[in-house]
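Everything below concerns the one structure shown next.
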Amino acid sequence: MYTKIVNLNEDDVDEQILKEAGEFIKNGKLVVFPTETVYGLGANAEDGEATKKIFEAKGRPQDNPLIIHISDFEDVDKVVRNISDSARKLMREFWPGPMTLIMEKKSIISDVTSAGLTSVGVRMPSDKIARKLIKFSGVSIAAPSANLSGKPSPTDVERCIEDLNGKVDYIIGGNKCEYGLESTVIDCTVNPVCILRPGAITLEMVRKVDEKAYIDPAIMAKPEPSLKPKAPGMKYKHYAPKAPVKIIDGDLKKTIEKINEMVQNYIDDNKKVGIMATDETKNNYRNAIVISLGSRKDIYSIGRNLFETLRDFDDCGVDVILSEAFDEEGFGVAIMNRLNKSAGFDIINV
């Protein structure tokens, strides 16, 4: 398959390109596009044959539902029904932005898109390119992350090309993703609302709208094989680089000591080691490839760089990746959710 690849500047968007890409979507083709969270692989959410192509291109399990993307508030009532007061309040507070709301779907949305569920996740991205593409397509767009299933989500167009060139019809490059982690997913079919996937819209922020909101405890636990996921990222192995990831969790001084000890053991076995560190700790490690995720004082920088760093270690050909852990509060919950999944919950407490 020939893949058309173009790069756009969010500050000066060539609308003709987006109109062309919008026609591709409308006509059942696959288009990769940037959002503020991660790059998305889009198809017409109302066309089951089109959304089947997403599962095929990614190698994605058929029971893993897709999130649909809209460009305006009036689009909401076209795709879902029985919208709760809490959902309306959350939309007003956080849309456009990195938040997906699960609501009862209307029949216009393909059952393939929702993986056979009666509910579907909906979000309105804040990225200008994404919003204009959706508007020009004239349909809602189903879009998971634009990577091969199981790999770290792409925050840069080069990673989309690496994974999907020749598998999709169109790839649109834009700015590097602002948040670097997928959207917060909130189940609004229950009362109080429940966070099924943490993201940049944190529990603390959601509770300002619905004070009884809570996080599904399964978020930080290893998923059950029999689980029928209501939101993406709940069941299958995600975000995994080629090398195994091990998380060292505990007091930072003890973490550094443990990682250095482990590095030496791996070197004795002729293993090449990667370390995911932070600006505050990177100079404490030796005899390994050390990449800083950013400063612990700026937790959003950690999230922004996490997936790309995992991919960088693939490029370096390391045999194992050792990672520091982060406090599970605020955006740190989302970071640890992704990190735990990338490690297959291989956590060493010190």
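Yeah, the Cβs are placed from backbone N, Cα and C, and that goes for glycine too.
Those TrEMBL annotations? Automatic predictions, nothing curated.
The ATP site recorded in TrEMBL comprises R60, N64, S153, R197, Y239 together with one of S71, S145, namely S145. Among the candidates T37, T51, T155, T202, the residue that TrEMBL annotates alongside H69, R123, A143, S183 as binding L-threonine is T37. The distance from the Cα of S183 (L-threonine binding site) to the Cα of Y239 (ATP binding site) comes to 14 Å. T37 (L-threonine binding site) has its Cα within 10 Å of the Cα of none of the binding-site residues R60, N64, R197, Y239. Checked against R197 (ATP binding site) by C-alpha proximity, the binding-site residues H69, R123, A143 yield R123 as the nearest. Taken residue by residue with DSSP, T37 (L-threonine binding site) is part of neither helix nor strand, so it is coil. Highlighted in sequence order, T35, G40, I67, P98, T100, P125, A130, E182 have their Cβ within 8 Å of the centre of the Cβ atoms of T37, H69, R123, A143, S183, the residues recorded for L-threonine, and are not part of that set.
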